Every structure is written in structure tokens, then in C-alpha cells.
Amino acid sequence: MQVPNSTGPDNATLQMLRNPAIAVALPVVYSLVAAVSIPGNLFSLWVLCRRMGPRSPSVIFMINLSVTDLMLASVLPFQIYYHCNRHHWVFGVLLCNVVTVAFYANMYSSILTMTCISVERFLGVLYPLSSKRWRRRRYAVAACAGTWLLLLTALSPLARTDLTYPVHALGIITCFDVLKWTMLPSVAMWAVFLFTIFILLFLIPFVITVACYTATILKLLRTEEAHGREQRRRAVGLAAVVLLAFVTCFAPNNFVLLAHIVSRLFYGKSYYHVYKLTLCLSCLNNCLDPFVYYFASREFQLRLREYLGCRRVPRDTLDTRRESLFSARTTSVRSEAGAHPEGMEGATRPGLQRQESVF
């Protein structure tokens, strides 16, 4: 997003709009993301909603993440046409607002949902007994609803503003690439708005996610019991992959955004062309999520193989798998129950066996 001066877009803005790298890279990457993400997440959503067992908090978060990915992918065709058309928006003001809010709301929703998953896994591994009352479906649903309320509130200025801008020097109308100064009353308000988005929707979730996954991995690595070692290795590997994907996809884009905000508002320089290119990394996360679901859940793998006609999966196979995952996950429960006699009783409750995702 570029903020023009009072006389119109400056030379840096015009150069960005003429940049051939952006005109080629974004449509190509967005097309790839849409082609992989839409069928992949549609199938993932079908499996998560119709074919898997009891909906644990992890499954609820994965459903929300899959819906988020689908909504983001559904607006990419408009972005593809816009950039192929030399940044000329032809779909009107209302659709520009809808596409822009949907694009950024769903991108940040992915960040917040992955943060919720990391916290749920952190509590399940490090505090399996004391956190049991909080790791329930209703709290997961409330967390998803809360993230959407936060997002829509934070992005509400975009929904109330005409995000199109006529660039007469190029004979085009942009959508969200150039913003009007009149959108907010002062430079100070621009700074508050942009820094709030960066801190609230990225920096805090980023720190929480990195801290939770790091603590979870270290806890699993310190566990010495041989029972469930394979499941533990799988959980550690997946947590590391999810953390790497989170850092790789979302960190570059948001830190470049921070550099652009500071340089644009206070020094008159722009890194918006770099920011636009790093948006590709954020969108690539949509392609990775279906693979994360596959490796995260043994039941998801079995259902996929059944759907592809590899073999019919007996129900007792899934039940046995849940038993083995439960045994692997309760190593820390056993140690905690040793110190608290009533904890062993809690550890044998069927409610704890609901964990299937190894997020």
C-alpha cells in the first residue's frame, strides 16, 4: 500500500506500478496457489468435517484454517487479472473493498489460527492435566470466533474507504496499491493503524507461536521413555516443519511491511515493490496446509487412502491408532500423575484419548 502525496503518486509509486517483476511473479504464484489450494483445501475440509472422528480442538482449528485458505484462494483470480491487466482494476469500488479485506483478513487469520494451534499443542504436551479443562471444543470455537472479530475490527477502516485510486499518468485505476491520505486524518493516525496491524496481527502471534513450538519440541526431546518413541519423533518433526513454514511464509512479508511503513511515513522512501513480492510467500502457505493435515493426522492419512481406493480402513484400525497416540502423548501425564495420585485417574479418562493431530 502506497500513500501518495497531495499532488499524486510520486516517482517511486509509478516505478512500482511499472515493475515487470511484480507484473509477472504475482500472477504466476497466485495461479499456482489457487490451482493447488482450492482442490486441496476442499478435500481437506471434506475429510475434516465428514470423515474424521470426534472434533478435538486441533481438528476445529484445522477446519478454520482450511476455510480461511479457501476464502483467500477464492479472491486470487481477481488479483491475478488485476496484475495481468497492468494494475488496472475494472471490477468497481465495492468488489475492490471485498477482495482486499478478504485477502488480508484471511492471510492474518491463518497466522492467528496457527498461533491457536501452537498454544493448544503447548498446553497438551507441557500441562496435559492442568490444561485439560481449557482444551475443549467450545473454547476452540470461541477462539476462532474471537480471531475473526479481532480481524474484522482491525481491518474495518479498509472496509469503509474507497480503496481505488486513479493514476492518470499511467491511465489506470489501482486497487489498494495506492491509498488516499484522506482515508485517515493524519500521519500519526496512519502510523497507529499500520503499527497496530503489524504488532497485533503478526508480531505478538509470531512470538507466541515460536515460543510455544520451541518449548513443545524441547519437552518432547527431553522425554526419555522408550514407549511411543516413534510417535514422539513424528510429533517433533512435524512441529519443526510447521514452525519453519510459519517463519518462512509470514515473517519476510511482515518485516518488509514494517520497513516500508517506517521508511514511507518518516523518510519518504518506499519498499512496497519488495513487499508485494513477499506477498507470494504468504500465499504459498495455502498450498502447504493440506500437506500439514496429511502428516499431522494418521486418521487423515487413512481416510485419504480409503477415498483414493487404496484399501478400506476398518474402524478398529482407527481406534487402535488412537490408543497408540494416546499412549505416546501421556508420557508427561504419567510423570505428573506420579506426583498427584488423582492425576492417574484423570489420565485414564476417555476424554484424553481424543487427541489425533500431532500439531
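The backbone N, Cα and C atoms fix where each Cβ goes, glycine too.
Relative to the membrane, Swiss-Prot puts Leu17 on the other side from Tyr307. Looking up Asn11, Asn64 in Swiss-Prot shows the N-linked glycosylation site annotation sitting on Asn11. A Cβ distance under 8 Å defines the sequence-distant neighbours of the transmembrane segment (20-40), meaning residues of its chain 6+ beyond its ends; these are 69-70, 72-74, 76-77, 79-80, 83-84, 86-87, 273, 276-277, 279-280, 283-284, 286-287, 289-290.
On the 0 to 100 pLDDT scale, the model's mean across the topological domain 'Cytoplasmic' (209-237) is 77. Long-range neighbours of the topological domain 'Extracellular' (259-275) within the same chain, counting only residues 6 or more positions beyond its ends whose Cβ lies under 8 Å from a Cβ of the stretch, are 1-3, 12-13, 15-16, 19, 21-22, 177, 187, 190-191, 194-195, 198, 253.
The transmembrane segment (238-258) is in contact with the transmembrane segment (276-296), judged by 3+ CB-CB distances under 8 Å for residue pairs 6 or more apart in sequence. Residue counts for the topological domain 'Extracellular' (160-187) by DSSP state, with H, G and I taken as helix and E and B as strand, are 4 helix, 9 strand, 15 coil. Sequence-distant contacts of the transmembrane segment (89-109) (same chain, at least 6 residues past either end, Cβ-Cβ under 8 Å): 64, 68-69, 71-72, 74-75, 78-79, 81-82, 147-148, 151-152, 154-155, 158-159, 161-164, 172-176, 197, 201-202, 282-283.
Tertiary neighbourhood of the topological domain 'Extracellular' (79-88): same-chain residues 17, 22-23, 26-27, 30-31, 34, 99, 103, 170-175, 177, selected by CB-CB distance under 8 Å and a gap of 6+ residues from either end.
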